[in-house]
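Participant: If you scroll down you'll find the structure; I have some questions about it.
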Amino acid sequence: MDAASFVQVNASFITREVPKRVTSRGSSKASASAFVGLAKIGQDYGWLCKVQMFSTYTGLAAMLLACMYYGCPAKQSRDPNMAGSRVLTVYLGLVIGLLYFSTDQYLPSLPEMEVELGGSEMLLSGSVQLNLFLKCLAGLIVAPLSDQVGRQPIFATCATLLILGSLGCALAPDVNWFLAARVIQSLGESLEPLIFAIIRDCYQDEQERLVAVSLVGSLMMMGIALGPVVGGLVASLCHWRVPFLALSLAWALMALFAVLWLHETAAGSKGGNYWQNVKRVFCDRHLVTILLTEILVLSTYYSFNANVSYLTEGVYGMSTVSTSWMMGAFSLISAIGMIIVTNSKSPVLSTARLWMTLFSLGAGGSFVVAALFYQDDLWSYMGSSFLMGFFLACYMPLSVLYLERVEDIAGTAASFEVFAQAGPPAIYSAVATQGIIHGGQRGLTAFQAGSTLLAGIVFWIGYSNEAAEEADEG
């Protein structure tokens, strides 16, 4: 779940504001000199980016060939001290927050980057979608591998790739090398399913796992909310390369922690081969129900996130700053919902039932009313979206239920969940963009109403009373 897909439609709005930022920066000789110096990093140190990228790709190829020829290293024994660790949970939350911050922070700088790197709007905007696609695809390989060789070595390797990818982006001399560095970042970001697999490893109790997932989800939303704001502010004061340099240092700290403190959390593998594990997930009625429900829940969110700036700025003429405040308010409301879910004392299945009902009937009904009767009122749409954001916490108990019975293949199962939360919703949001283009506010609202209501229907069918009893017995 991230704000990356908003570049589908609003790059042109940001472009109009770039000259203002550059002009104001040029008003100060000192700041102008610093800006020019930072802008020349790509020229002066571009060779270092090329060497680094060549070495990284060569090293990855060598590791792959070594594993194919000699086999993968054996999994280390599980460290019981990792179970229930609050320090570990906070660390995982910081990691996932940084993951989403890393992508979202450079969105406001895309027009400047287009000029400096000699790329097109399509290439720079496409770098966001490329990142999302490759992250999901790599996760389908990396996370199942962690079931076999362990979480710790895969996690540390991905964190190292994030250092190299961030530094490569900061030093990139042109758009081609920037994209090469973004690919490395994508491979590093494929550790996202491992975060939820580790939580499954370390928290056997459902209620405790719900608290951990809620904390991680809250920090993720914080990364989503702060990314464009902080990244845009730093870029306006210094240069767009500065956040990438800072991120390379932040990832260095995360990688150091993973190497020195993070021990193995995965249980001994009892699952079959990869295809047997795939069949185990997709032949389970409850697991498939949760995956389909999460696709629809996150499709509603992505449709808002990808198109709200087009609606506020393109249709209603509001400023980018106003849109940023609205998106920040949405993230804050979502975090409040997560806190309430975290403090729920009901069984996880009961919590999921309640919040899915509220999400579908509350937010879905509000979208229906807004589409039918208030299609020209911005705040009817924003109010419905804020309500949706509050109930968006419904996906957290769903995630806890999903991983409950797949502890031995948690990495494989989590990779499918992360893909379901990102891939299909991104496609749905692109279709919803066509809805607003051809149908205006009513078209976008209708798409969100449809996915919200359908999410509840799918969940209720899969977790009917009879199915819920079977789940409780399982």
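The backbone N, Cα and C atoms fix where each Cβ goes, and this holds for glycine too.
For reference, TrEMBL lists these features for the protein:
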type	residues	note
DOMAIN	86-468	domain 'Major facilitator superfamily (MFS) profile'
TRANSMEM	54-71	transmembrane segment
TRANSMEM	83-102	transmembrane segment
TRANSMEM	154-173	transmembrane segment
TRANSMEM	211-234	transmembrane segment
TRANSMEM	240-262	transmembrane segment
TRANSMEM	283-304	transmembrane segment
TRANSMEM	324-342	transmembrane segment
TRANSMEM	354-374	transmembrane segment
TRANSMEM	380-403	transmembrane segment
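Show me how these features fit into the structure around them.
Facilitator: Here the transmembrane segment (54-71) has long-range neighbours at 161, 164, 168, 180, 184, 187, meaning same-chain residues at least 6 beyond its ends whose C-beta is under 8 angstroms from one of its own.
Residues 3, 210-211, 214-215, 217-218, 221-222, 224-225, 228-229, 232, 304-305, 308, 312, 351, 355, 382, 385-386, 389-394, 396-397 of the same chain lie 6+ residues outside the transmembrane segment (324-342) yet bring a C-beta within less than 8 angstroms of a C-beta in it.
Listed as Cβ neighbours of the transmembrane segment (354-374) (distance under 8 Å, sequence separation of 6 or more from its ends, same chain) are residues 293, 297, 300, 341, 346, 380-381, 383-384, 387-388, 391-394, 397-398, 442, 445-446, 448-449, 452-453, 455-457, 459-460.
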Participant: Apart from its near flanks, which chain residues at least 6 from the ends of the transmembrane segment (211-234) lie with a Cβ under 8 angstroms of it?
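Facilitator: Same-chain contacts beyond the flanks: 1-3, 89-90, 92-94, 96-109, 195-196, 199, 202-203, 240, 242-243, 246, 324, 327-328, 331-332, 334-335, 338-339, 341-342, 393, 396, 399-400.
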Participant: At a threshold of under 8 Å on Cβ distances, which of 83-102, 283-304, 380-403 pairs most often with the transmembrane segment (240-262)?
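Facilitator: Most Cβ pairs under 8 Å with the transmembrane segment (240-262) come from 83-102.
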